[in-house]
């Protein structure tokens, strides 16, 4: 599907192989670790293969619109567990929540035909999962004191990103269908699913009790001893001497020092159930990165990056026109700009507390035009602490409640505090009257 518009021949080749693989897997049903027995020591398929077969069928129907795959979901949903299992997690081994979410989509699209009763169960289980994630179901997912959902101590972050990704997708399904989420505590608007996903991403990127970013290279405080062989060994460009496999472990992996190679963008396993985190290379449960941590996160960031307005995910997707975001640089002496709004930031004070350095920044929004500034909207990113002097509306900031406009030549000041370098402030909208 990704390459269909750009490289149709390659797309067709991929799809042909996908259908061949599905046919093989469906004919010769067994767990992969029954054949590759060494995998049982590391990544054993505890949940079996039924969820993967249904998961594959759902995506093949999405890719081909072939009735065979829809019938497969309808005829096998009961016997393969998709209509019976009510899940509270979605991870590399258990795909049922994903299957149920796609099944709910097909139902809302009116595509399921004679399989309506089966796909209604798909949807019921999908909504059970969503309600559990946001804490409004009959069996809610555990949260850390700082608000991160917690499933297990070994690489819990996979469940955080995958669950949040499903929540963003389902929020768009609901808004496209004009529906709300039916939870045991009552009906919930789709926007609450997006807010949940955003809260989890904010935690990952540093809005947590430790003020730690669990994405390597992002922010000022992130894991420096990642459980990753290449990150822990010096670059060949720095030291070209031979490093054996055993030597890489004994000499480099076991060092109690920061990684010589920064694994930029990697999302590690994350904190425990009490928001505690030990940045140690041999602490694989918390410092191990994984592609199944990062992949769902990219989807969430792409969705949150355009705000909380809904996408029509049930019909052919038509992307809405997005507002142009103009990032204004911090002015320097004698600098000139054609923009009527100037953003000036400065550090006003700093202090140490509990081993961390905190900074207070003052930001001035200056109306340089000869007209009155109204309807101001600011985007603020890389903010990891409290802010004063603005009103938050959705994912943007507006005038404080006591100010409705900014006369010509006047300025508005707001301040924020966090243990990081200054946030990025830009203007996303305004009017001049």
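Any Cβ shown, glycine's included, is placed from N, Cα and C.
Marked as active site by TrEMBL: 227, 279, 288. Residues or ranges marked as domain 'Carbohydrate binding' in TrEMBL: 341-421.
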Helix, strand and coil counts within the domain 'Carbohydrate binding' (341-421) (DSSP): 0 helix, 51 strand, 30 coil
Least surrounded among the active-site residues, given as 279, 288, when other CB atoms within 10 Å are counted: 279
Other CB atoms within 10 A, centred on residue 227 (active site): 22
Spatial separation of residue 288 (active site) from residue 227 (active site) - C-alpha basis, Å: 5
Distance, residue 279 (active site) to residue 288 (active site) (CA atoms, angstrom): 10
